[in-house]
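Written below as structure tokens is the structure these notes are about.
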Amino acid sequence: MPSRYLSFRCSVPWFILLLQALFLLRALFGSLAVGDIYSPSSLSSLYPEFQDVSHMVVFGFGFFLMVLRRYGFSSTGFNLLLVALGVQCSVLLEDVCFLPLLSCSLAKAVLSMAAVIISSGAVLGKANPVQLIVMTLVELIVFYVSRCINRAFLQVPEHLSLMHVHLFGAYFGLAVTSRFPEAPPALDKSRSTPKSELLSMLGSVFVWVLWPSFNSVLAGSKREAVLNTYLALAVSAVAAFMLSALTSRDGKFRTAHIHGAVLAGGVAISYTAPSIQHPCAAMMLGLLGSGTAVLGSHCLQRCFNPALKLQDTSGVHFTFGLPAVLGAVAAVVLRVVEKGIEKQWNNLSSLGYLIFVDVGAFCQTISTALVSGLITGLILNIKLLKAVHVSKYFDDQFYWEVSVKMIPHCLWGS
């Protein structure tokens, strides 16, 4: 093996150690205190939902990304590494900005990490650990800045600013992966196997069960958020099976459609889950979200990705990106309908301002994600970060000590 790769392996632990030392020093000399994060009065009410969100990000997304036949160890292992480092970085970002660290600080940190995990799905199998860690740090900082802009200038509530996590993560990841060389279609390691798809489906089921906690952990109206999210997820799951059978050639279900489309309803309703008063609206959003994911994967992927030279490994564009756009548009429509029911259309200036805020927050988030993603993609491909050669894509053996005889076929296809 070339010395270039050996030196890269030796540099990874030192880079991780340097970052951890910086986090420890910042925590030591900062204003962070355990009592600021956890208060006894709120711990008992917040912790169950926080635990659900943590399980969803670590376990659910870890298995969700196991779509490649020879990249199972890296999908789950790197996911845990990024979450462990990213949560520390996200919590310390609030400390650096001298914001009060409340009981929801860790919940915000884990919610923000969902953007990084979604983005890592777009570059799955291409980026080495150093590149992934650099991408994590940059994305968390930029996403935090984007949230601050939405809150300070557009008066977007804290909960809604965090719900842009799907939109930001998907388009940041797409912009980053566009800067990586595209793997040749003949590369056998880029395909999946029935066993890897089964584990990925297991991750989807895990995320599906816990998604109501993700949408409600910081919401003011938790009961409405949980109910509406669950209804949207239920309808999106049913629609995913229906549309998968209709769009396949032989009328059979396709895991490539279903394992992402069952989650699209939860993404689409993330902006409006606490405010929807009629279950029918939540169910319609779930149906539209699933339709967007399946039809987007079936139709648009054939012309969109080749034209822009994108290789979206995990299909995050159609699982998270397009449903998030649908949810942002639905939030504007529901705002107009809500004001119409309240008979406030006579005050068009007030209504126009509210629409401007919603559209402005959406446009600012997606623009920031695309621009910062393109810049980050260029940074990740500098020689210092030792980008992986195309022939080494999608392979656990480049990063992990693997004994082929001991690998269960359910984790690594033959």
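Using the three backbone atoms N, Cα and C, a Cβ is placed for every residue, glycine included.
Record features, source TrEMBL:
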- 14-383: domain 'Ammonium transporter AmtB-like' (DOMAIN)
- 12-33: transmembrane segment (TRANSMEM)
- 53-68: transmembrane segment (TRANSMEM)
- 80-101: transmembrane segment (TRANSMEM)
- 132-153: transmembrane segment (TRANSMEM)
- 159-177: transmembrane segment (TRANSMEM)
- 198-219: transmembrane segment (TRANSMEM)
- 225-246: transmembrane segment (TRANSMEM)
- 316-334: transmembrane segment (TRANSMEM)
- 354-382: transmembrane segment (TRANSMEM)
Closest-packing stretch to the transmembrane segment (132-153), where packing means Cβ pairs under 8 Å, from 12-33, 53-68, 225-246: 12-33
In contact by Cβ distance (the transmembrane segment (159-177), the transmembrane segment (316-334); 3 or more pairs under 8 Å): yes
Per Cβ pairs under 8 Å, the stretch of 12-33, 159-177, 198-219, 225-246, 354-382 packing most closely against the transmembrane segment (53-68): 198-219
Interface-richest range of 159-177, 198-219, 225-246 toward the transmembrane segment (354-382), CB pairs under 8 Å: 159-177
